[in-house]
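Listed in TrEMBL for this protein:
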DOMAIN    5-36  domain '4Fe-4S ferredoxin-type'
DOMAIN    38-64  domain '4Fe-4S ferredoxin-type'
Amino acid sequence: MSSTKRAFLDPAICKNCQSCPPAEQCPAYAIVREDEDDFRFVDPMCVGCGKCITNCPYQAIRLV
């Protein structure tokens, strides 16, 4: 079992910003725009660095 934490995006909190700061700062490109109004994580790409957490203005992301 892996102990690497992965980011979790809470859709109830996420505001789907036009310019998503967490996606822009993700070094693994693990946050992608699903469509015009939705972002999602590509979990296998997440390296657990936490940059998305510190760059989300709404605290919609956490490591689990």
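Glycine is treated like the rest: Cβ placed from N, Cα and C.
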### Residues of the domain '4Fe-4S ferredoxin-type' (38-64) by DSSP state, where helix covers H, G and I
8 helix, 7 strand, 12 coil
### Task
Taking helix as H, G and I and strand as E and B in DSSP, count the residues of the domain '4Fe-4S ferredoxin-type' (5-36) in helix, strand and coil.
5 helix, 8 strand, 19 coil
